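Feature list (source: Swiss-Prot):
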type    : residues             : note
BINDING : HIS15, ASP18, HIS154 : Zn(2+) binding site
REGION  : 289-317              : region 'Disordered'
Amino acid sequence: MNDNDSPRALFVFAHPDDETILSGGTMARLAAEGAHVSLLTCTLGEEGEVIAPELRELAADRADQLGGWRIAELRSALDRLGSPRGARISQHWLAGPGRWRDSGMAAGRNTHPRAFIGGDFGEQARAAAKTIREVRPHVVVTHDPEGGYGHRDHIYANRLVVEAVKIAAAETHSEFGAPWQVKKLYWTGIGESAWRRAIKELGRRAIPDGFELVHADVAKPRRDEEITTVVDIGDYRAAKLAALAAHATQITVCHELAAFALSNKALTPVPAEEHFLLVPLRFGAVDNQDLDNRNPNSQPPADQAREDHLLTGLGFA
């Protein structure tokens with residue numbers, strides 16, 4: 001296939017469910033529009049808190065079988081995000097499922113020998129670069145440098161992807177394919193105005209017993225001017241909610257309110273748009289590449305128009 005036959009997008013996240021929470025609507029829209037959509041997940045999410053009482057024995061401090069269960073949940077979620085025309089979202093695991101383990105939320109270094117944040121960074125970055133060369137994506141999407149609400153695996157995954165994009169473009173490591181330069185790199189995020197508006201709208205509704213409205217600062221929203229790309233997912237919000245429900249050990253979905261909650265029971269809105277931050281990519285000489293990792297406190301140039309699609313400017317109809 002010619003590299004320009006159809007658009008390809010690779011989403012890279014730390015745990016199962018990150019993809020749906022942060023960009024599920026965009027993944028569904030891209031798949032429906034005919035793009036080849038792939039997901040690279042770095043861990044099985046073994047340290048997640050199980051909210052379903054009948055499944056709590058799967059937890060890490062009990063039977064420690066949650067990772068395998070979440071593989072099936074993720075497969076179901078991706079099926080629900082896939083196109084009605086039968087397009088599938090391809091699943092990849094960083095060096096194979098279970099190679100690295102969820103590091104958990106607790107502060108301090110996870111002492112598990114396979115903890116994601118304790119792994120060999122070079123080995124992990126090369127594994128991610130191998131997937132990039134296999135998929136040959138025009139667009140890569142991952143966590144922001146602060147990891148959203150600060151999860152250490154999210155922060156680590158951001159660093160990993162930045163390095164992997166550079167490795168994939170270099171004239172090295174021919175054992176895992178020809179070099180590939182990613183055209184656009186995005187971080188996930190949400191603008192402050194849209195986030196607070198969504199919470200205000202949800203707050204006008206009757207919140208189910210046992211839940212509370214999420215606090216506005218939990219998502220660590222971005223200043224509006226930092227957001228470069230706003231994708232309309234109105235037609236795909238139902239698919240996103242269905243995919244969220246597939247992650248049943250981690251998420252409770254309230255379809256009638258277009259909202260969900262994690263183990264904290266904080267009801268969180270699912271807006272009809274998803275936001276991203278475009279990261280400048282500059283590749284110089286083969287042996288002297290440079291990726292400009294945008295300062296999270298900076299903002300796009302004043303003359304940069306806000307995008308409405310991840311494929312903007314790439315020449316795809």
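Including glycine, each Cβ sits where the backbone N, Cα and C put it.
Neighbour list (HIS15 (Zn(2+) binding site), Cβ cut-off 8 Å, at least 6 residues apart, same chain): THR41, CYS42, THR43, LEU44, GLY45, GLY48, ARG70, ASP102, ASP153. Long-range neighbours of HIS154 (Zn(2+) binding site) (same chain, six or more residues apart, CB within less than 8 Å of its CB): PHE13, ALA14, ASP18, HIS143, ASP144, GLY147, GLY148. Under the DSSP three-state reduction, HIS15 (Zn(2+) binding site) is assigned to coil, being neither helix nor strand.
Of the chain residues outside the Zn(2+) site list HIS15, ASP18, HIS154, PHE13, ALA14, ASP17, LEU22, CYS42, GLY45, HIS143, GLY147, GLY148, HIS151, ASP153, ALA157 have their Cβ within 8 Å of the site's Cβ mean position. The DSSP secondary structure for HIS154 (Zn(2+) binding site) is helix. Over all protein chains present, the Cβ of ASP18 (Zn(2+) binding site) has 28 other Cβ atoms lying within 10 Å.
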